[in-house]
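Let me begin by presenting the structure, written as structure tokens, before commenting on it.
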Amino acid sequence: MASLADRVRGHGRIAAGLLLNLLVSICIVFLNKWIYVHHGFPNMSLTLVHFVVTWLGLYVCHKLDVFAPKSLPPSRLVLLALSFCGFVVFTNLSLQNNTIGTYQLAKAMTTPAIIVIQTLCYGKTFSTRVRLTLIPITLGVILNSYYDVKFNFLGMVFAALGVVVTSLYQVWVGAKQHELQVNSMQLLYYQAPMSSAMLLVAVPFFEPVFGEGGIFGPWSVSALLMVLLSGVIAFMVNLSIYWIIGNTSPVTKSPQEDKKSLVHELLSKKKKMLQNSLSDGLQEGTQRKFYS
């Protein structure tokens, strides 16, 4: 009976972790899109804020004895830290240059990419049932991209790069946790500042630092608050990703992306319907006023 109770508690924790990741991931997509559209905050600078806030959040958790850091050789984390930069930067660039629906559907290709990487590079095998699920996923993404009325070639390039780097990153996170015998917080505690340092060096070459449009530019209070909130949510997203992969597998994390894609698509369609209804109502009101 004790083992059954332990299994139930374990499944409950995993379900809670998946639900948390689903909610915060949905929040950060819409929040980041809002920041890009309404405030024009630079992409890489926003990613740098996310990394710094993630590290500060972990530092606070360490001081509160939530976890105990483990000494890790930096040389074994360089590729992981670099892929973390690419994963966030390219997915944010995809979000910036695509509609939310296209952005999320493109991310669904992470599942096939992870399976290909694990099969070719790690010799892992998957059942026929799992492999067959890749067909509708791939066809759906291709059809959506082909018939997307707002098709953006640059956006699709960023989306493709985001899928490749994200897949590598998720595979490596699971491999590094197993290889170094660390939990999600211990690994992210060392990797987040390394990624922050990499972006700190790269940002001045791609984006302004001071003045209009720079990370230290004259931003409004509302813009700064939105960026800070985005950083806090990013901390929760990053921590939940590591926890899910550490307690399940990268392939478990990817179907979670498919659920988020569906929710995002439904919310986007609902928003569009409301906008159309409002537009029709305004037009009808204008016509009545004109003819009265």
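Every residue, even glycine, has its Cβ placed from backbone N, Cα and C.
Here TrEMBL flags 22-254 as domain 'Sugar phosphate transporter'. According to TrEMBL, the feature transmembrane segment maps to 12-35, 41-61, 73-93, 130-147, 153-175, 187-206, 218-245.
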Two-stretch contact, the transmembrane segment (41-61) and the transmembrane segment (153-175), at least three Cβ pairs under 8 Å: no
For the transmembrane segment (218-245), distant same-chain residues with Cβ under 8 A (at least six beyond the ends): 14, 17-18, 20-21, 24-25, 27-28, 31-32, 34-35, 39, 41, 46, 49-50, 52-54, 57-58, 170, 173-174, 177, 184-185, 187-188, 192, 212, 252-253, 256
